[in-house]
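These notes concern the structure reproduced below.
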Amino acid sequence: MLGLYAVLVCAYCIYSLGFKGGFIFDDYPNLKDLGVYGTIDSWDKARAFITNGFSGPTGRPISLATFLLNDNTWPSIAYSFKQTNTLIHLLNGILLFWATTLILISYKLEQQKIYWIALVSTSIWLLHPYFVSTTLYVVQRMAQLATLFSLIGIVGYLKGRLLLNTKPLLGYFIMTVSIGLGTIFATYSKENGALLPLLILIIEFCNPKNNLIKPMWQWRVICLWLPSIAIGFYIFKHINFSENPWPNRTFNQIERLYSECRIVVEYLRDLFIPQVEGKGLYQDGYEKSTGLFAPITTFFSLIFLVFLFLFSFVVKRKYPLITLAILFFFSAHLIESTVFGLELYFEHRNYLSAMFLFLPIAYFIVGLGKWVNNKIVIVATILLLSIFSFFTYQRVKLWSDTEYLELFWAKNTPDSARAQNALVSYLFDRGLYEESNNQLDRAIEKLPDSSLLVIRKLSQKVYLNQATREDFINAGLKVSEQPFDAQTVMGTRVLVVFIVDNNFVHKYGEDTREFLSILSQSKTYNKISVFNRLIPYLNAKLALAMHQDYKAYEYYLDALSRYNDVEAGLMMVAEMASTGNFAMALNMLKQVKVIYQHQSPKTLKRTNSEYDYEIERLEKYFRTKLGK
């Protein structure tokens, strides 16, 4: 086991260099609720944080709960979060080594080779630079934990399977509990954990004939086949080849499926030909496939994937590890790389799927001992792992400086509107206004359909107090016709809040209102719920700042009905009351009480007692101010 310990120590030492990096991208929306009510210092606050996740259908409460191990407030420091992610990565490595060893035992490989094959395969996975973007990206702990519980389920299944010859009842108990709990915990960490029964079916399918007793067919049907069929049915149910199934995406389902053919091939290329830094996290500029031959690489990618799939069956009898590597990889991508409306490309989707991808390579390397001196094999293996370690070290160094990392991505992804927006913002924040504007103009020329860049251009003119009424109108008209971008919605909010907070309403108030009016008529944006509820809220803030109190009150009432959330409602009540409009605030509070009475307890961010106290306190305060 010294070899595994050495690899684990090496991996930790390399990754520890990246602990000083900061939070990025999706870390902020997923972790900001750690501090939304100050410190999480009670079970009720912890429950509210854990059960109010929004990253997937399950809310991913298991993953959210683990973030409380690192901090209970926000803003925070990323160091301990990244350290915990690294420890999870190492634990996954240990479990992967264990699972691989059990698979090789089950597949009846030569006893003296099992340890070395498992060690080499696991070491490549542990030290692969591709997984830096999973391990040091705090919020991707969700992907790590789904992998962790999947591995626990696989190990438990394989351990129980070994007992079927001698202690069948205990074996079935261990297998059933492992699959059941493993699937539940993995799924509530991240939804692709629901694939665990199917992944175990793949392991079982690739198992060559041997003397071990197979689990009885009734058990396999109940514990493996039925859950797998259910997942298949769930995926099938989401097939929708309509022209625009996802208003918040710039691609439809057919385009996504075509695009994923190219993307999965790119994943495989980057996994087998490692590099220091790939595409990064700015993936909005990825060129979608609009047809089987547009671009032509779509067709070749599809042919290659079909060939791989068929090849896995052809070699199954003689080379089951190749079959396992291919089918496991494809199966683990069924949720994130098929019919669901997720963004097209992300490296972390390979964290689980690539677990056994390097098994055939390890088998080949260890098998070289038949033809060449073992010392040469050992030296070659160490050299290979050293190359992986060096690439990982270089990538971790890059990830240790978050500002430089984001700038690196921005400069190297000219087709990403978000990347160019980040670069423009970087230049602007440093007072390089002319350079920033020139970069923005070049980006808009290259990406004329980007609403985010249009909002950025308007915002920079406002920041410099140079915007005109025509700028607001033109921006509104352009954005209304452009594809939806969630960042544009956030940019619009930031712009309006800036105008209000910096007392620019006297100059830009009416222009901003006209801009919002044009946006609200957009056929693209008015299909998006988050946009529809934001517009009346922003209009309310504008009206309040412009001392148009009754108009603000009407907008707030509209926003209350659209948000339909007590927490958002109390914030709006406070905003109205902050200007001394206690009568209107009291009327708004009455509507908030109605919303609160009908709101599901699961969606509350605080306890009922806290809301009861706060509503009663505000009501008494307003009545006192009104002399009632």
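Any Cβ shown, glycine's included, is placed from N, Cα and C.
The transmembrane segment annotation in TrEMBL covers 87-107 (among others). Under 8 Å from some Cβ of the transmembrane segment (87-107) lie the Cβ atoms of residues 4, 7-8, 11-12, 15, 113-115, 117-119, 121-122, 125-126, 131, 134-135, 141, 144-145, 147-148, 151-152, 154-155, 158-159, 161-162, 203, 206-208, 210, 212, 320-321, 324, 355-356, 359, all in the same chain and six or more residues away from its ends.
Same-chain residues lying 6+ beyond the ends of the transmembrane segment (114-132) with a Cβ under 8 Å from its Cβ atoms: 3-4, 7-8, 10-11, 14-15, 18, 89-90, 93, 96-97, 100-101, 104-105, 270-271, 274-276, 278, 347, 350-351, 354-359, 361-363, 365-366, 381, 384-385, 388-389, 391-392, 394-396, 399. If you look up TrEMBL, you'll see 114-132 (among others) marked as transmembrane segment.
Annotated transmembrane segment per TrEMBL: 138-158 (among others), in sequence order. Sequence-distant contacts of the transmembrane segment (138-158) (same chain, at least 6 residues past either end, Cβ-Cβ under 8 Å): 23, 25-27, 30-31, 55, 60, 62-63, 66-67, 78, 81-82, 84-85, 88-89, 91-92, 95-96, 98-99, 102-103, 106, 174-175, 177-179, 181-183, 185-187, 189-193, 195-196, 199-200, 203, 348-349, 351-352, 355.
Residues or ranges marked as transmembrane segment by TrEMBL: 170-188 (among others).
Within the chain, the transmembrane segment (194-212) has long-range Cβ neighbours (under 8 A, six or more residues past its boundaries) at 103, 106-108, 149-150, 153-154, 157-158, 161-162, 164-165, 179, 182-183, 186-187, 220, 223-225, 227-228, 231, 316-317, 320-321, 323-324, 327-328, 331-332, 334-335. Residues or ranges marked as transmembrane segment in TrEMBL: 194-212 (among others).
Away from its own ends, the transmembrane segment (219-236) comes close to residues 172, 175-176, 179-180, 183, 194-195, 197-198, 200-201, 204, 334-335, 338-339 of its chain (Cβ-Cβ under 8 Å, at least six residues beyond either end). Annotation comment: TrEMBL describes 219-236 (among others) as transmembrane segment.
The feature transmembrane segment is assigned by TrEMBL to 292-314 (among others). Within the chain, the transmembrane segment (292-314) has long-range Cβ neighbours (under 8 A, six or more residues past its boundaries) at 258-259, 261-262, 264-265, 322-323, 326-327, 330.
Sequence annotations record features per position, and here TrEMBL assigns transmembrane segment to 321-345 (among others).
Marked as transmembrane segment by TrEMBL: 351-369 (among others).
Feature annotation from TrEMBL assigns transmembrane segment to 376-393 (among others).
Residues of the same chain lying 6 or more positions beyond the ends of the transmembrane segment (170-188) and with a Cβ under 8 Å from any Cβ of it are 58, 60-63, 145-150, 152-157, 159-164, 194, 196-197, 200, 215, 219, 223-224, 227.
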